[in-house]
């Protein structure tokens, strides 16, 4: 919660197109790789109940490795189950509230504040803390919690062994000695990120997003936009969670202002409205916010528009009835709510391919992932479109144990005046001559960068990036708008295109060609066919210079045979070899176009251009995969691996085309056919 102003957390269930499928921790997409089997809460609990044992989590051990990754504890920590800590342990004692939460020795007050906010919204609370568990019915020492992680709800299973010292809980705990929901919730969140230490340092916004699936905007009251109230009004109409606070006084705990507000306390905004007012002198409207004090103490607003304020005499009766002057926050305010429209894309910055850095690095900036968004309809109340862009980097907290910190990230937005005339993706010339229409306020090393824009209807391109080139990481890009937006990756359509004009259709015959032909005949024998080992001898003989005397790998030679071996004999005849030989020489000619210093390597940034010149049109997803598979640690592609890329692409495209004669962009395979095609290629 920002100490100066407003926080808006938009809860996940209100979004139209957000994926809400629950996945288990360890499933693909959860961001966690289990040592053993994927953990399903109900299955594990049934097994424990059937065997009469209490669950012990093999994925988050009750030892020092789950506490710290950078050091050992400075004292003896004993892991105990709640029944060993307190009599009559309960998940909840007389319900749940922010009073249940007390911070321990871990520096995760940001998490505590978010958990306190969560307790004020029961529907969200039970999304995170499922109700199907307790210390009584079906107790087996196992609990589970759900967190939103980069577009998915992840179910995290834990055992109930908690770190203690001298019989007392060390970390987050309840004021009630026998209440344990908050301590178990913190443990599940620690498991999600790898250790308790990984929770040191963070923002309340980060945790609130993990508890709701929403996006957070913050406004400092000394830097507010002129239309702040309108922003709040629209957010309220869309079921956003609104809150506010006043900067705490460092010298006085819970200092009270003359108007009755407590510094440092978080207040919920339960109504935002333009209210009609009729005084003897004028008629008009006044903007009002209704605040709720979640702390439940006697302190409350005593200024204008407080409970017994005379200003209420000037409000028409129908307005009073609609507002509910009893300030009952349980009144039905959901009727007529509107929804945000949202588009979500996942991507990654890969060294040498899509990690182009910010606009300061023009030569590589255009290699960043690009996303085209079409805004057709303006907002109801003006001629522009509200757009909230939220760029979130993934899994950085969990990678703390490997020394990874948050990358410095941001984004830029470009208006595409004539989109049909522009290449996909936008090239260096576009960014050289076109200024951005909007951008993130700064590049910053937070998990998420969020900014609101007012843009005229039109087509735009959003470019998310790290500040410096070649910084690797995964990200989630979310776009929110009041009206429907159409968004797609602004990238190449995968397929086959024209070969570069600089590459000859039929490479010129040279003295080496005749030598290769003779060498083939010598090795082929009477059947005039060669297997992969003989093919390797021929290629190593003819291309020693290109491979820097290292020769071609066994895998490449096997793949080359498979590419042209129609009858699956494991051999190539002379005509098939001639086709292969011509392909290799074309690919070699392309490689030399970009290997200007004759180092035997291409930079990964050049791989897209080189494969384009060879006639292959690839998008960022495939390029990233190729570099992960064939690139070196410093993002280079050697000649041998470049040829392998070309061979694999040609093979897979030919297989697909064979099954898609009508060019529908869809091919069908049986399981047997798919295994056969992928294994022998």
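Cβ coordinates are placed from backbone N, Cα and C, and glycine is handled just like the others.
TrEMBL does not curate its annotations; it predicts them automatically.
Note that the coordinates shown come from a computational prediction; the quantities given were computed from them, not determined experimentally.
Matching 440-463, 464-487, 488-511 against TrEMBL, the residues noted as region 'Disordered' span 488-511. Counting residues per DSSP class in helix, strand and coil order gives 23 helix, 5 strand, 8 coil for the domain 'EF-hand' (582-617). In the predicted structure, the domain 'Calpain catalytic' (54-330) carries a mean pLDDT of 83.
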